[in-house]
Structure formats: structure tokens, C-alpha cells
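Have a look at the structure below before the remarks.
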Amino acid sequence: MQIQDRFMSPQWKARFKGYVQVTKPGIIFGNLISVAGGFLLAAKGDVNLVLMLASLVGLSLVVASGCAINNCIDRDIDAKMQRTCKRVTVTGEIAVGNVLAFGLALGVLGFSILALFTNALALLFAVIGYIVYVGVYSLYMKRNSVYGTLVGSFSGAVPPVVGYCSVTGQMDMGAAILLLMFSLWQMPHSYAIAIFRFNDYAAANIPVLPVAEGMTKAKLHIVLYIAVFALVSALLPLAGYTGIAFMAVTCATSLWWLAMALKGYRHGVDMQRWARQVFGFSIITITALSVTMALDFQVVSQAPLLTLVK
């Protein structure tokens, strides 16, 4: 009874909630959708449920690990931002050392699952994505360079490629398109956040594009990246990996997103409201494409660009 009372206590519940929050569940959920999309696109209807579950769980734990460690690294700048100033690593509700140990444990477990159940190429992409996010982006680029978003976009594009390569074991044209497509999507998505969170980033002296080089350049980059994203997304059906349904969805969502981005050039536009709309529709776009490519796959024969034997 004493053990049960302990786990039901408000203090324990708050502590448990804090550990969950440092893993950023929203980011994990978004990555789950993209991993599943990449996996099912590659599986082409022949789904190994054990492999799929291992890919989803393993990658989710790796993402959770990266997010937890990012909380530790960013605690000084998080303290300066209204959105993040109440994170447990800032308030001290949970010791930074405990969060770091928790994050490392999640990473070990996640990578172990990927190593045991997937293949060397899927594991390699997960490792590279993790190193880029934690080691390159979080530790240095985010704080010191306007190109931090560009570097971080690679790690954000890794999950669907891990899902895809878990099935194929090779880096073919389909995997390359996914990597480029999701990297391009990250840019306007992130710049939109930087615009409607402008004051936070400025207060923390983080050199995101709107802060470092102005709103005008950020708006232009958003429009250009969405336009290129639309073209790259169309390569999946053009290369025969998906069918007409994916082409219809990618054209509809990408063009609507582009039209929404162009509204940023209207005279007197409310930049905060506009950026939130661009951000919100970016999530709708990538979710719709992930779901559609999982359902509208086509059987193609492609020579691998890279193959690693497990």
C-alpha cells in the first residue's frame, strides 16, 4: 500500500510528467507518422509487423533521447524564452544530471532495438541523425550560425529514411527523395516558428534567419523552399514510387501551402498570424503526404545507391 500511495502522490505524478515533457511527445508523434510513412512506402503492402514495431519504437526512443539531452544543453537559453522558461531543466524540478542520464538510457535502448531488429543502414542513418541533432545542431550551430536551421533539417528528415531503409536495407532513389523532401519541408516549417516566436529567439540571441537577417529575407526563403519542396515531392510519383493519389495530394497541399506563404507579401499583413498559418499548414501537408505515400505505393525496381549488409 505504501508503494502504491507513493506512485499516486502529487509529487511523483509531477516528476513523471516532467520526464515525459523533456522527451517532447509532440515531436515524437510527428516522427512516428513519418517513420510509418517511409516504412509502408518501402514495404509495398508486404508488412513485417515485428520489423515495423521495432522501427517505430526504436526510432521513437532515439528521438526522445535527443530531445531530453537537448533540454539539458539548451537550459540556459530556454530560461530567456517565454515558451520554454518553465521547462523542468530550467526550473530545477528535475536535476539536469538525472535528465541527462534518462536521455542517454533512452538512446541506448533505442539504438539497441534498431541494431537488433533492423539493419546496418537504418541504424547508420539513426546514428548520423542523432549526432547531427545533439552534437552539431544543439551544441553549436543553433547558438552560433544562421545556418543552424539548415543543419538541423537533416536530422529532422532522417526518421522516414530510417523507416524506409529498415525494409529495403539500401539507399535507393526513393530513400534519397524522402531525405531531400523532408529536409526541404523542415525549412519553411522552422522559419515560420522563428517568425511567430521572434521575440523569444531575439531575447535568447539565437541567430535564426528572421532575427539575424530580417523578416523580408525569411519570407522569401519560406516561399522558395515551399516551391522546391513541391517539385521534389512530385518526384516520388514521377519516379514510380507512388501513384496518382499521391500526386494529387502533393499538388493540392503544396500549392495551397505556397499560396498561403505568398500572402505574407500582402500590404499590412499580420506577420504573427500569417506565420502561425504557414506553420499549421506545414503539419497538415507533411502528415497528408506521409499517410498518402503509405497507402498509394507502387512496385518499382531501382538500383541501390548504397547497400549495407546487416
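Here the Cβ of each residue, glycine as well, is placed from N, Cα and C on the backbone.
Look at Swiss-Prot and you will find 25-45 (among others) tagged as transmembrane segment.
Same-chain residues lying 6 or more positions outside the transmembrane segment (49-69) and placing a CB less than 8 Å from one of its CB atoms are 22-24, 27-28, 31-32, 35-36, 39-40, 43, 99-100, 102-107, 109-114, 116-118, 122, 126, 129-130, 133-134, 138, 155, 159, 162-163, 166-167. Swiss-Prot lists 49-69 (among others) with the feature transmembrane segment, giving sequence analysis as the kind of evidence.
Residues or ranges marked as transmembrane segment by Swiss-Prot: 87-107 (among others).
For the transmembrane segment (120-139), the residues of the chain that approach it from at least six positions outside its boundaries are 55, 58-59, 62, 65-66, 69-70, 73-74, 107, 110-111, 114, 148, 151-152, 154-156, 158-159, 161-163, 165-166, 169-171, 306-310, judged by C-beta separation under 8 angstroms. As annotated by Swiss-Prot, transmembrane segment applies to 120-139 (among others).
Among the features that Swiss-Prot reports, transmembrane segment is placed at 145-165 (among others).
What Swiss-Prot records for 176-196 (among others) is transmembrane segment, and it gives sequence analysis as the kind of evidence. Nonlocal intrachain contacts for the transmembrane segment (176-196), taken as residues 6+ away from its ends with a CB within less than 8 angstroms of a stretch CB, comprise 34, 38, 41, 149-150, 152-154, 156-161, 164, 208-211, 215, 218, 221-222, 225-226, 228-229, 232-233, 235-236, 239, 241, 257, 261, 271-272, 274-276, 278-279, 282-283, 285-286, 305.
Summarising the annotation, Swiss-Prot assigns transmembrane segment to 220-240 (among others).
Annotation comment: Swiss-Prot describes 242-262 (among others) as transmembrane segment.
Sequence annotations record features per position, and here Swiss-Prot assigns transmembrane segment to 277-297 (among others).
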